[in-house]
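Taking it in order: structure first as structure tokens, then the write-up.
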Amino acid sequence: MRKMQKGLFYLIWVTDRNPIIFQKASLVLPLLRYICRSFTRSSALLTRTHINYGVRGDVAVIRINSPNSKVNTLSQELHSEFMEVMNEVWSSSQIRSAVLISTKPGCFIAGADLNMLNSCTTSQEVTQISQEAQKMFEKLEKSTKPVVAAINGSCLGGGLELAISCQYRIATKDKKTVLGSPEVLLGILPGAGATQRLPKMVGRPAAFDMMLTGRGIRADRAKKMGLVDQLVEPLGPGVKPPEERTIEYLEEVAITFAKGLADKKITPKRDKGLVEKLTSYALSIPFVRQQIYKKVEEKVRKQTKGLYPAPLKIIDVVKTGIEQGSTAGYLSESQTFGELAMTKESKALMGLYRGQTQCKKNKFGAPQKEVKQLAVVGAGLMGAGIAQVSVDKGLQTILKDTTLPALGRGQQQVFKGLNDKVKKKTLTSFERDAMFSNLIGQLDYRGFEKADMVIEAVFEDLNLKHRVLKEAEAVIPDHCVFASNTSALPIGEIATVSKRPEKVIGMHYFSPVDKMQLLEIITTEKTSKDTTASAVDVGLRQGKVIIVVKDGPGFYTTRCLTPMMSEVIRILQEGVGPKNLDSLTTSFGFPVGAATLVDEGGVDVAKHVAENLGKMFGERFAGGSLEVLMQMISKGFLGRKSGKGFYIYQEGVKNKNLNSDMDSILASLKMPSQPDVSSDEDIQYRLVTRFVNEAILCLQEGVLATPAEGDIGAVFGLGFPPCLGGPFHFVDLYGAQKIVDRLRKYETAYEKQFTPCQLLVDHANNPNKKFYQ
Amino acid sequence: MISLLTYTLKNLPNTSKWALRFCMRPLSSSSQLQAAAASQTKSKKTLAKPNIRNIVVVDGVRTPFLLSGTSYKDLMPHDLARAALSGLLHRTSVPKDVVDYIIFGTVIQEVKTSNVAREAALGAGFSDKTPAHTVTMACISSNQAMTTAVGLIASGQCDVVVAGGVELMSDIPIRHSRKMRKMMLDLNKAKTLAQRLSIISKFRLNFLSPELPAVSEFSTSETMGHSADRLAAAFAISREEQDEYALRSHSLAKKAQDEGLLSDVVPFKVPGRDTVTQDNGIRPSSLDQMAKLKPAFIKPYGTVTAANSSFLTDGASAVLIMAEEKALAMGYKPKAYLRDFMYVSQDPKDQLLLGPTYATPKVLEKAGLTMNDIDVFEFHEAFSGQILANLKAMDSDWFAQNYMGRKAKVGLPPLEKFNNWGGSLSLGHPFGATGCRLVMAAANRLRKEGGQYGLVAACAAGGQGHAMIVEAYPK
């Protein structure tokens, strides 16, 4: 699950990066190119929109740069222009080899054009798209004139499929250069030959890893794997901007290799290492192959719990190609591609992808003053986490606490977070040290007079938050934003003691901050637009996916989770064991079981929230009794942090055991179970429908601005099953009527808690009404 | 007539600069006119500053610079440094007890003689009452030694300082691994046999893998040759241009050696071996031969090769620096004034070797000079690609505007005044000793070729750089 999220995040990251550089360069680049390069022949330079093509000596240089877009995508237009150019290359007697390069900074080709897929209504149409691409790439693969793919920036999905169809690949060793097959994250598979080519190129284990996880591979690793043949170092400033000259240099190097390949001075074959040779020998034995397929399938089944069809299909298609030959393989690939594109899972995942793209933009515009100096009050788990994701992006951050041990713990957390990246080799120790120097730990408010934003992350206690706000406001400058990190305390109430409530805002981070992508920003009636813009800007710089919601008890995320948690307690009281409940929730697609979730979040926190929101929302939030949580707290069963909750947690012990002392608590508070709403499926739906109903009510009441934010918040903050696409996609794809029917059924058993909200009923009454049109 | 001519030419638009250079060259080679030119340069102002002592280089020497692993391979660094000091004593006949202070630069430190200046000075017979310290600043370590001396004299702390530098790349400190070191240190502290055994039981075979001194930049983990290759690519400098420049350096060095111009070299009788009398890295080859070499860092398509890079070198240098009045009082005829100097630093990743580009305009501005006032350029040649990149950077308005915060380019040093007696590519580059060689080359060239001002510049690891104005001492 976490991997899936990371993968999704990554895709977005690729598409949204460096807008400024891009804008500048896209204006300058084509012009410069046109003037500076002397091509011996440039055919129809101006008639093509995506491709600029010319010849240097006997090497054709094909440059891709789609207009008006931050990235190049394999659209039908690009596809046909490319075919046209390749046909010229093949028919020209002067040309002996070709270089394929993108002149768009930071992007080779980011993938296939998703709109092209979305506009298809049948699997046959999708299959046809796949087959056309397969044909083109096959022709490219069989080209007698060698084609060198010169890769700078993201080379993903269809882009990778194009690159691996070329005879040779040269990639820049840039952080932005990433190769990968992320299709699985969208519920589909690589549909232009990668399922057949990748296993041959990098070996089956690595190919499965790439296609089943969707992970992006950096250039240096790609070189080791045999995915690219040569690396080119990114250049610094010379007599041109570094990005521009790097692309030019990449092209120059690629041209020499293209010539070398045409002259047969270089062979595209690479020497395989001993391990590789042994592996490929082992894989030539059918029995070994079968065992490997079985192993991979088992692993996938365990991880997807059968909820995601794409990974298993990918294994199938790869298998078909290997066992039955490539014709069968290509056919299977294109057909399965068509089938998968039509699944609900794929539509849900693609919807999430689009939602995520939206939530990575600042729709409030650029803030008047960019935050340069940040101050975080409270060096606990959250505060230190916030500090970590700030300093590693270069934000100067003060971390303040009241005692030296508490501060030291927080500083150590930040250091450990950074150091873990050093161990994973994504950072050098030098970069870590430079980042850690952005952090200043202190016990007083010194330096706050220069802060542009203060984020408080002290205990969830209104009086304490009031005190911190007043203390901070005594020091901070007028323009400084004061943000409160809270999961449930209304921001409006925190702001009551503020001299400048327009500068007060809520920033609800999720734990662990460096891993969880979501940031829920809460605005009150008084919060100014510029304050919101500033908070969103900081959040985006911290790498967060952001939803902006209105103030209210529990905001959006906590509010949706609370009725579901109330149901969790009731189900436990009705006699379903925590382990059983956990497996029911995870098999529905939640990444973490419901009982475990209570332990992870903290029983005291759960009780605090349940109590507060219970008071505000009354009957609708009832269900399990608060007494369960209160008794747990009195016995010290606070969840993971105290070592005991529903489970027992021990350092170094992987399989957690049930806490047998819970039996007496649950037995003493036992509730009668109602057999007609207590089947496994009913239990799952009791949990999910309460969540979904509350989410839709949030949209109805205007807490949420858009359904997309509701879906992103639910999936990225609360672990709502990604295969369902979030509560709103879920209603759209599975039918509002079915969900209302479920709710009505449970309503007869539990009354108001399951009464569907008006907006949901509206959707059920009118099947044409969808949250996503 | 000349002044009229230069005046007109200076006022020509920029485009005709090459034309200018073209017609200037035949002029300056005519001996009749040269005298006039020299007398004109002598009319340039002096850089003496009110209330600051004039500081002079009396003279300077160096051991022959040898390829590592040749005749010096069994020595220790202080042996080489001592040879330079003895040579200086012999050359200048300065009474040892007059020397107030000794400073040496070095890069890769021999741990036994970490203050190599002191060990060498004692061995060379200097008074044990003369303090000595060692400085390190990568390839500009001996520049730092000299400017430290300038500071001591200018502030009135000293009158006579010996500055120098030494590097012995034939032997480098290779260490045990950290784990092994830790075990050995723990073992030292252990009191009982049981404790010792328990420590030894933790030993693993991988403890024995040795640790070499870093060849790469600590902050970026990139080796300098690799960075030079990228720098050359960034400035679109071809392999041929680099090889040509390297060939120029070797040819000029050979010529200078043959003509006996490298007068700072003092012979060194190496114990157990023959006397070394000259540098042994000067090897003019042919472009064809050079083209055959494979790239040394970025393989297989890079442009920096062994032939167009400076090589690992052993050597030491030393100069005698004095307050002018002291030198004159002692009856010396100094060779040059040390004038304004400048240290700069920039991005160690992408601009690692561009120090001279940044330092040159700053030191010129500080001294109130322009590029045209400089008669002799002595730039440290780490790599052909690095020198050519610096020249291109200095000749680029775009670079000046976008990276140096200048309105216009620094300007190109004329190649006919540039490293005319060879450079680090051909003479060799003992990291800690090169700075003094550059200053002495500038001083000796000013005396030989005529002219008033020399500009010394160098790049150094860490993305640092240095430049200094050397002014000829009036004859």
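Cβ coordinates are placed from backbone N, Cα and C, and glycine is handled just like the others.
According to TrEMBL, the protein carries these features:
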ACT_SITE  A:GLU520  active site, for hydroxyacyl-coenzyme A dehydrogenase activity
DOMAIN    A:374-551  domain '3-hydroxyacyl-CoA dehydrogenase NAD binding'
DOMAIN    A:554-649  domain '3-hydroxyacyl-CoA dehydrogenase C-terminal'
SITE      A:GLU161  site 'Important for long-chain enoyl-CoA hydratase activity'
SITE      A:GLU183  site 'Important for long-chain enoyl-CoA hydratase activity'
SITE      A:HIS508  site 'Important for hydroxyacyl-coenzyme A dehydrogenase activity'
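The local packing around A:GLU183 (site 'Important for long-chain enoyl-CoA hydratase activity'), expressed as other Cβ atoms within 10 Å of its Cβ over all shown chains, amounts to 29. Residue pair A:GLU161 (site 'Important for long-chain enoyl-CoA hydratase activity') / A:HIS508 (site 'Important for hydroxyacyl-coenzyme A dehydrogenase activity') shows a Cα separation of 40 Å. Reduced to three states, the DSSP call for A:HIS508 (site 'Important for hydroxyacyl-coenzyme A dehydrogenase activity') is strand. Listed in sequence order, A:ASN485, A:THR486, A:SER487, A:LEU519, A:GLU520, A:ILE521, A:ILE522, A:PHE555, A:THR557, A:THR558 are the same-chain residues at least 6 apart in sequence whose CB falls under 8 Å from the CB of A:HIS508 (site 'Important for hydroxyacyl-coenzyme A dehydrogenase activity'). Under DSSP, the residues of the domain '3-hydroxyacyl-CoA dehydrogenase C-terminal' (A:554-649) split into helix, strand and coil as follows: 67 helix, 4 strand, 25 coil.
In this structure, A:GLU520 (active site, for hydroxyacyl-coenzyme A dehydrogenase activity) is part of a beta strand by DSSP. Secondary structure at A:GLU161 (site 'Important for long-chain enoyl-CoA hydratase activity'), taken from DSSP and collapsed to helix, strand or coil, is helix.
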